[in-house]
Amino acid sequence: MFDAVASMAALCGQCRLWRRAAAAAQLHSGVRCLSAKFDYDLLVIGGGSGGLACSKEAALSGKKVAVLDFVEPSPKGTSWGLGGTCVNVGCIPKKLMHHAALLGGAMKDAQKFGWLVPGQFTHDWSTMSEAVQNYIRSLNWGHRVQLNDKNVKFLNHKGTFKDEHSVRAVSKSGKETVLTAENIVIATGGRPKYPSDVPGAAEYGLSSDDLFWLKETPGKTLVVGASYVALECAGFLTGIGLDVSVMVRSIPLRGFDQQMAHLVTDYMESNGTKFLWKCVPTKVERMPKGQLETTWRHLESGQEGKAHFDTVLWAVGRAPETKALNLEKIGVEVNDKTGKVIVAANDATSVPHIYAIGDVAEGRPELTPSAIKAGKLLARRLFNSSTELMNYDNVPTTVFTPLEYGCIGLSEEEAVRRHGEENIEVFHAFYKPLEFTVSERDSSQCYIKVVCFRNSEQKILGLHFNGPNAGEVTQGFSLGIQCGATYSHLMSTVGIHPTCAEEITKLHITKRSGLDATVTGC
Amino acid sequence: MGNIVRKGKNVIVDKTQMKGLSNWKAEESKEIQQPGQDVDEDRVVANLSVSKQNRDNWEKNTQSGRVQHLLEMGKEDKTSHSYDYDLIVIGGGSGGLAAAKEAAGFGKKVMVLDYVTPSPKGTKWGLGGTCVNVGCIPKKLMHQAAVLGEAISDSRKFGWDVQEQVSHDWDLLTQAVQNHVRSLSFNYRRSLMDKNVTYLNAYGMFVDENTVKATDKNMKETYHTAADFIIATGERPRYLGIPGDKELCITSDDLFSLPQSPGRTLVVGASYVALECAGFLAGLGLDVTVMVRSILLRGFDQQMANKIGEYMEEHGICFLREIVPTKIERIEEGTPGKLRVTATSVKDGENHEGEYNTVLLAIGRDACTHSIGLENVGVKLNEKTGKVPVNEKEQTNVPHIYAIGDILEGKLELTPVAIQAGRLLARRLYGGQNTECDYNNVPTTVFTPLEYGACGRSEEKAIEAFGEENIEVYHSSFWPLEWTVPNKGKDTCYAKIICNKQDNDRIVGFHILGPNAGEITQGFAVAMKCGMTKVQLDNTIGIHPVCAEVFTTMSITKSSGGSVSASGC
């Protein structure tokens, strides 16, 4: 297609926009030609996982597509390239740093497995962050190349709605262009929140937007919050040898199964992460030597605490990035409380040709694969006469804390709330990964729980797995649940020996029975 | 009522029987170092005062399955009155133990006979069978040791400051592995005791239809009768039958407890045992050669098998193809000493010679069915393979003699399969249940350096079963995120699914080559049980960033010839 365009360009040498349209029309005869009214068939604001997937899928249908992506620097001045949160300041760097931390553990294990590792091994932040950043840059580049290959116009511009079909795009240098499009997708994602009532928070603190791009080690760190971002960051920072404290206002991993969440934090505590439970920060001040003096209050006793940290990391939630879009002007409704864009099942906003996908859309899971899938399906509905809607049921997810936690479906609390305790059956087991035996690791938090209906069919409502490689383990089971797996499907599946995942196929102790759920022997 | 009286009678028979065994019992309790615990007495007391749990179970069973029991009453009365046990299991491996414990859970009187004939090199081990002692458990631990070695070298790229000089101590590893194996073996003995199963460390042999002779290591013989029998004797490694093989070579029976590092090693064979052992030995830094007669991993998907071979070759393992050894000689004494291997090409008959410290034979395994007196009871064997044909109820041609595990003809040689089969058999025999073991779509994983997980059919078998025109193969390379930073092979890991176009694009084969393949495959096996189709796969949302998510975004078919090269997020 690229070649075709190029040769056309050589032949006619006319206005660029026309050329593209003609090429598209020629190559995809039968597909509606671009209406003269708009510059683009589709304009996507936000070049993250969802936006890119949507734009590329639309381009595959021969549509004229543009993507606007612009990273507003964090309060600390960190910015990055194309690809959005996941690639730059989310899944990718965090999993790599999590892996770095796991390797630290692996080296301790290795000695029990006969490896002689001379001397003390220490971790060098800058080697790791440089390697991680290099990989991210290669992904940024890869995304640019893909857009180019697929003839998607990319503008490193910030987009603001001018009217229902036009968007003002402003470059870093202030250069302004107006793009018009028949359909517009908002995929601007979210950014970390800072507390507004803590003096010094934004001035001295960092967020996950900054952490992965630090050139020097964060040193002694206070992580504020107990979201998965907070616990994942605290986990890998501890794992690479830093002194880390986590300040938790109420509960860890809100929205996740609380028994699992507490096992996750128990494991972290036993691996050296300190927790300040039921505390809220009140003030951050910079000391003459650069250390950050952080003051907090214990919520129950009201007592004040104070300590010095090299880094204070805010992980108190994320806010949708809608401020700059000028949504109120064109009548796109947002939820006043969450700031997220209200969408219908087909991802349309209150303005029918404007859509929203990914983290910015109200009620959607804030997960990369879900945004990608939603973006692709939206493009197919718009341009490929598909009617398929996104199925948001049973979306699996994994928290990459030191002990990983993977889950699908309902938490135990939610299952009880929806169906009543008497109608659900919980099968559970505490198990010991084979790899933990020789390495003499504590497996107290390696735990599996399957929540089922209590009727004769025992359909699975939720599956929860704490243990190594939880993400890898969980994926296949999510498919099973998608296919309607029941407890007896689990039982009739033969295990793969010796793995951790096989323990899920051997669950037989119900919580109701009160019997010891510790797995013994093979 | 009749049942309970019958139990009482059993105990009396048992007590007389136990007297004859008291020598052995004393010896056993010494061995497991539980002084003060007289197994004999415990056993009798426990049986006399049927434990509360047993009684509850008993009552539950009689109530729930009353009709069943009434129907079977005649048979039970006839048999149980005259035999020492309800069930004797020959072979205390995964399958045998599972069956024994399950049967005991139904209040049955059960005996397990287990005896490990030392390998030609003299290696022996405790209760638990192949998996625990010389199979899955030690090999996965040694594989893990190799994986950790790789982790050490990766870790430098992830910022860890580790010296270049890292070495591996074989003794430390084998000690750690053996300690774990011994603890498992001990747990098995304890769990048999807890469940009131009589365990005899003796070699079992059928004398007549309802009697086995048990010979212990002091050649003391005892006789035991039972209504039902389960043969679960498993398999042992095969030897080549060439000069020097039994005297000089080792097998997987010996490797995991080898007192010294095997050094420069020749692995003969291309079974999964061969490739797994070759893989972890190389991963521990040893110089490893694999001698292959024909193909790798017979029975597995050959595309996957060849990819495993390629990866191993790229990682320093030497493969000698289409060559078979003909003679092994010792050319240097010592531990490990040095052996000369003479081999012949199967293509041109040309002779080859090589020198190794250790020669590990992994050319297959033979069923332990030839010296257990099957001829005395008329249990039919496949003469060629030595395997036992059974029906879907794991029943041999002799109705009260059953067989499970690796000795079954045409079934899978996998621990969890044997366990499942054993448990279900016991439930059918004594629990009034009728679920049969489903040998279809059993997942498995080969723990080669690059792990390979599979469930369902290989591409070859799928073509054979459905016809090439009726299947669609989707495939994709993938680059594990953890491999990016250390810059390990970008198009090495590979995933493949095989769909039956005639049946709603149902997935009939699942294959993955990559880290943690076992952990990945398990859940997909459940999904295959639920009849997963390609559409359902496409509708499932991935978990990011993990390897397993590759299956949720597969769009390239083999027939299209499209590129499978790993792309970004």
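Each Cβ is built from the backbone N, Cα and C atoms, and glycine gets one as well.
Copied from TrEMBL, the annotated features are:
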| type | residues | note |
| --- | --- | --- |
| ACT_SITE | A:His497 | active site, proton acceptor |
| BINDING | A:Lys95, A:Gly159, A:Asp359 | FAD binding site |
| BINDING | A:Gly225, A:Ala226, A:Ser227, A:Tyr228, A:Val229, A:Ala230, A:Leu231, A:Glu232, A:Gly317 | NAD(+) binding site |
| DISULFID | A:Cys86-A:Cys91 | disulfide bond |
| DOMAIN | A:40-375 | domain 'FAD/NAD(P)-binding' |
| DOMAIN | A:395-506 | domain 'Pyridine nucleotide-disulphide oxidoreductase dimerisation' |
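Location within the structure of each feature annotated in TrEMBL.
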{"residue": "A:Cys86", "record": "disulfide bond", "Cβ within 10 Å": "26"}
{"residue": "A:Cys91", "record": "disulfide bond", "Cβ within 10 Å": "23"}
{"residue": "A:Lys95", "record": "FAD binding site", "Cβ within 10 Å": "21"}
{"residue": "A:Gly159", "record": "FAD binding site", "Cβ within 10 Å": "26"}
{"residue": "A:Ser227", "record": "NAD(+) binding site", "Cβ within 10 Å": "21"}
{"residue": "A:Val229", "record": "NAD(+) binding site", "Cβ within 10 Å": "24"}
{"residue": "A:Leu231", "record": "NAD(+) binding site", "Cβ within 10 Å": "28"}
{"residue": "A:Gly317", "record": "NAD(+) binding site", "Cβ within 10 Å": "15"}
{"residue": "A:Asp359", "record": "FAD binding site", "Cβ within 10 Å": "30"}
{"residue": "A:His497", "record": "active site, proton acceptor", "Cβ within 10 Å": "23"}
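In this structure, A:Gly225 (NAD(+) binding site) belongs to neither helix nor strand by DSSP; it is coil.
DSSP assigns A:Gly317 (NAD(+) binding site) to coil in the three-state reduction, outside any helix or strand.
Compute the center of the Cβ atoms of A:Gly225, A:Ala226, A:Ser227, A:Tyr228, A:Val229, A:Ala230, A:Leu231, A:Glu232, A:Gly317, which mark the site for NAD(+); besides them, the chain residues with Cβ within 8 Å of that center are A:Val223, A:Cys233, A:Leu253, A:Ala315. On the backbone, the CA of A:Asp359 (FAD binding site) and the CA of A:Cys86 (disulfide bond) stand 11 Å apart. Taken as a whole, the domain 'FAD/NAD(P)-binding' (A:40-375) shows an average pLDDT of 97 in this prediction.
A Cα-Cα distance of 10 Å separates A:Lys95 (FAD binding site) from A:Cys86 (disulfide bond). Around A:Gly225 (NAD(+) binding site), taking its Cβ as the centre, 25 other Cβ atoms fall within 10 Å, counting all chains. Nearest by CA distance to A:Val229 (NAD(+) binding site), out of the recorded positions A:Cys86, A:Cys91, A:Gly159, A:His497, is A:Cys91. Using a CB-CB cutoff of under 8 Å against chain B, the recorded positions that qualify from A:Cys91, A:Gly225, A:Ser227, A:Val229, A:His497 are A:Cys91, A:His497. Those residues noted as binding NAD(+) (A:Gly225, A:Ala226, A:Ser227, A:Tyr228, A:Val229, A:Ala230, A:Leu231, A:Glu232, A:Gly317) have their most widely separated CA atoms at a distance of 13 Å. Here the CA atom of A:Cys91 (disulfide bond) lies 14 Å from the CA atom of A:Ser227 (NAD(+) binding site). Here the candidates are the recorded positions A:Cys86, A:Cys91, A:Leu231, A:Gly317, A:His497, and by Cα distance the one nearest A:Gly159 (FAD binding site) turns out to be A:Cys86. Checking each of the recorded positions (A:Cys86, A:Cys91, A:His497) against A:Leu231 (NAD(+) binding site), the C-alpha distance stays within 10 Å for none of them. Candidate recorded positions: A:Gly225, A:Gly317, A:His497. Nearest to A:Cys86 (disulfide bond) by Cα distance: A:Gly317.
Within the set of recorded positions A:Gly225, A:Gly317, A:His497, the entry lying nearest in space to A:Cys91 (disulfide bond) is A:Gly317 (CA atoms). For the domain 'Pyridine nucleotide-disulphide oxidoreductase dimerisation' (A:395-506), the DSSP counts in helix, strand and coil order read 41 helix, 31 strand, 40 coil. Among A:Lys95, A:Gly159, A:Asp359, the residues given in the record as binding FAD, the maximal Cα to Cα distance rounds to 30 Å. Cα of A:His497 (active site, proton acceptor) to Cα of A:Gly317 (NAD(+) binding site): a span of 40 Å.
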